[in-house]
Every structure is written in C-alpha cells, then in structure tokens.
Amino acid sequence: MPPMPADISDFAAEGSDASDLAALFQLEPPLAVRRIVVAMSGGVDSSVVAALAAKSGAEVIGVTLQLYDHGDAVKRKGACCAGDDIRDARAVADRLGIAHYVFDHESAFREDVIDRFADEYMAGRTPIPCIRCNMGVKFTDLFRMARELGADCLATGHYVQRVVGEHGPELHRAADPARDQSYFLYGTTDEQLAFLRFPLGGLPKPQVRAIASELGLGVANKPDSQDICFVPEGDYASLVKKLRPAAATEGDIVHATSGDVLGRHKGIIHYTVGQRRGLEIGGQAEPLYVTGIDAANHAVLVGPKRMLAVDAMEVIEVNRIGPLPDSFAPDAPLSVKVRSLAKPVPCRVEGSLGGNATVRVVFDNPEYGVAPGQAAVFYAGERVVGGGWIEDTEKVSG
C-alpha cells in the first residue's frame, strides 16, 4: 500500500493509534487479523471508508455493485454504481493497494428497484427507490457477499451511527444532521446491523473530503450522489413514461370538494400529494394543492392547504431495528419522519413495531403533505427504532 500523507485528522494521521481505528470500525484489535469488506460506490464517502480501513492494518476488500449501465444517467454528475463510478472505485482501490471486485446486479436492480419505482408512480403513489435499494440489492446482497468472503464486517459510507447499547447494536442519526441518512436505512435488520459498520457517522462531510484530499484520492472533489441515481437529470417522469407509457395518459384536474373539473394534466406521474407548483389552473379563489391522486381514473385531486392536514396514517410492512429495553412501553412517545427532508414530529404508534406488521400512527398535531408510498421512520430521541411504508392517511375532520 502506498504511504499515507501527513496529519489530516485523528483517523488519517500517520501516527494515529491502531486502537482508534479499531474503535472506528468497532472491531476487537489487533486489526491485522481482521478482514473488512467495504461497499465502494465510487464516491468520496465510501472511498474514505476504504482508505481508513486500509490504514487500520486490516485486510480490506472493496466490492462494487454494477446496478445499471444505460442512458444518460451513467454520465451524469452525482450518479453511482455505474460507468465512471466503477472506474473511480477501481482507481481508489489501486491507490490503496486493496483487492476490488465488481459484481453485475443490473437485472436484480431493474426488477426490484426501477420497475417497482415505475409501478408505484402508475398507482398514484410517491416511491423512494433508495430505500428499496438498501433493503434489497445493496444490503442483502452485499451482506451475503461479505459473509462469503469471510469478512468480520461490512463497512459503508452512509452517514448514520451504529451504537452498541445495553441490549445490543442500535442505529442512531449521524452527528451531522445535514448529512444524516437514517431515514433511508430503516429497513436494516438486526442481523445486518450486527455485521454493518458506519465509520463516517460521527464525521462532518467537509472533514471527509479533507481526508480524501490529503490521502490523494482522485474522488476528493467528486459531487455527491443524487437520491435517484438512475434518473438522468432528475427527470423521473420521462423515465417512468418510457417504462410505462400509460403513466402519461392525460386526465382531469378535479377539485376534491366540489368535483368541478378545473383543467387537464399530462399524466399522474407529474404529481405528488402536497404539490402546488405546475398545476396550471390559475384564477382560483385560493391557492390549491394536490390532495390526492385517483390512478384508476387518471385524475389529480386538488384543494386548499387545509385539506392536506391529516390526524393519523396507516403504516405497513413495519420493521423494528434492534432490541427495545424491557421498560419500553408499547405506547411510548416517539417521533416520526414522513419525508426524507422533514423534521421528526411527535406521534403515538398503535400496534407493535416489527414483524412486518401494520400499525396506526397518530400525530400529536396535524401533519401536512403525507404521501402514500413514502416511508414513515420512527425515532426515540436520536435512535431509529423502525419504520414502514405509508399506505393511507386519515384527514383532519371538519
């Protein structure tokens, strides 16, 4: 392995103690007898994880999944797991002197993520493909590969924290709130969490880029990956239209209360609950928002903002992350995020978390813009305790 440059941080410094790096990867020393598999997407975050793992003295194997290799998305800045990103991952592995393997998972990704993404929009729902990807091809398949390679752990560049609590490993939000990715990892299983490591969860992004620069990694200034990596220029509607032409069927824009037809739209794929811009129905007495989508009739329902307020929601396929203490009451106060960029809000869960169950979630205060198809992720303070898919909502009465 090429020599590491001089001091940049406690973790990248030439003189850093091996125990510091062992603690970072939550492995018992000596790391010289450990094998760490790193999920390498070709971005700066996973590259720094690989560099820190190599610095630790452990045997390091980089693994990259080729998830798609088609269209303009391959060349788009901020893509991942395709084209130039695979070459970047290989270049970093060569720089670090570690083994690197690429596995073709394009077919599985197409079936489990891209096709499901299109089908959800066809059904009038707002999907989150990143969560499906983490639940399936990323964590499930990488977990299996790392096990087959005899690894002691699988390390990724996600900004979350794995905390070993009294009852076992827990998933916590990242130290840097602006980078926190815990919302996208609610589907992590207990078995996966025991094996996973998230070394960047306690670091701010500028420090991660500084480490990459000081270590001479060519990806130090590479743009961050985008949420929907396989969509060229963020134009998801064009992708869905290409895969499911019927999704672009024109239909009516209907007032949810009066039933009046206020205009026409060019396909339900262009709309999501809570949307205001792009309706093109001017001349109304008050601002109107998308309050629902009637996929069967290709209709977009609109109404005033007050119609977006919901008291409760039904959440399905609920996963629980890590063991809960004996003192944790079934109706203990929690908070919930209903969108990736939303702040957690107080709620009460009626039903048991986990076991792929269905629960009813009651908000302490009315919540707006809750869209079926999105994820609902539950928090107890900084800890992620689980989550599921929003299936339906209960509007505020009156």
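A Cβ is built for glycine as well, from the same backbone N, Cα and C atoms used for every other residue.
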Problem set entry | Site-mate of Ala39, Met40, Ser41, Gly42, Gly43, Val44, Asp45, Ser46, Leu65 for ATP in TrEMBL, selected among Gly150, Gly157, Gly165 | Gly157
Exercise. If you average the pLDDT over the domain 'tRNA-specific 2-thiouridylase MnmA-like central' (248-303), what number do you get?
Worked result: 92
For this session: Determine, to the nearest whole angstrom, how far the Cα atom of Ala39 (ATP binding site) is from the Cα atom of His158 (site 'Interaction with tRNA').
Result: 10
Problem set entry | Gly43 (ATP binding site) to Cys229 (active site, cysteine persulfide intermediate) - Cα separation in whole Å | 12
